[in-house]
Amino acid sequence: MPTPSMEDYLERIYLLIEEKGYARVSDIAEALEVHPSSVTKMVQKLDKSDYLVYERYRGLILTAKGKKIGKRLVYRHDLLEDFLKMIGVDSDHIYEDVEGIEHHLSWDAIDRIGDLVQYFQEDPSRLNDLREVQKKNEE
């Protein structure tokens, strides 16, 4: 199981490859706002853990294992953003809130949040009911 730091790298690498078709150390460093040497160290760890294949000066590719977890991490992040928006969290705080909680939730909790998002999406009146409760609580 990857550490939270490994998850951050895998998520970003997955997104870069989806967006650009590749991910270089410099791209990862820029996206995560870290020094390239830190990226190189982490990429080597991810290589040893079979999440990716890294060839110095040539780049990296995600293994099937790396792609699977990367896709799941992106799903988790997006789901949590959607959920926080849905329940009315201020958009200025959503990214930081997601970053703060995503590594601390079990996959079971993520699945239950997914169920709740689906529950609200299937019947918009449920979300309206939530808004009414929130209005009452703000008074």
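Every residue number used here counts from 1 along the chain in the order it is shown.
Each residue, glycine too, has its Cβ placed from N, Cα and C.
Among the features that Swiss-Prot reports, domain 'HTH dtxR-type' is placed at 1-63.
What Swiss-Prot lists as Mn(2+) 1 binding site is Asp8, Glu99, Glu102, His103, and the listing cites sequence analysis. Counting Cβ atoms from all protein chains shown, Asp8 (Mn(2+) 1 binding site) has 20 others lying within 10 Å of its own Cβ. Annotation note: Asp8 (Mn(2+) 1 binding site) sits in a helical segment as assigned by DSSP.
Glu102 (Mn(2+) 1 binding site) falls within a helix when secondary structure is assigned with DSSP. Annotated Mn(2+) 2 binding site per Swiss-Prot: Glu11, His77, Glu99, Glu102, in sequence order.
For the binding-site residues His77, His103, counting C-beta atoms within 10 A of each C-beta gives the highest total at His77. For the pair formed by Glu99 (Mn(2+) 1 binding site) and Glu11 (Mn(2+) 2 binding site), distance between Cα atoms is given as 12 Å, rounded to the nearest Å. The closest partner of His77 (Mn(2+) 2 binding site) among the binding-site residues, by CA position, is Glu102; the full candidate set was Asp8, Glu102, His103. Confidence across the domain 'HTH dtxR-type' (1-63), taken as the mean pLDDT and rounded to a whole number, stands at 93.
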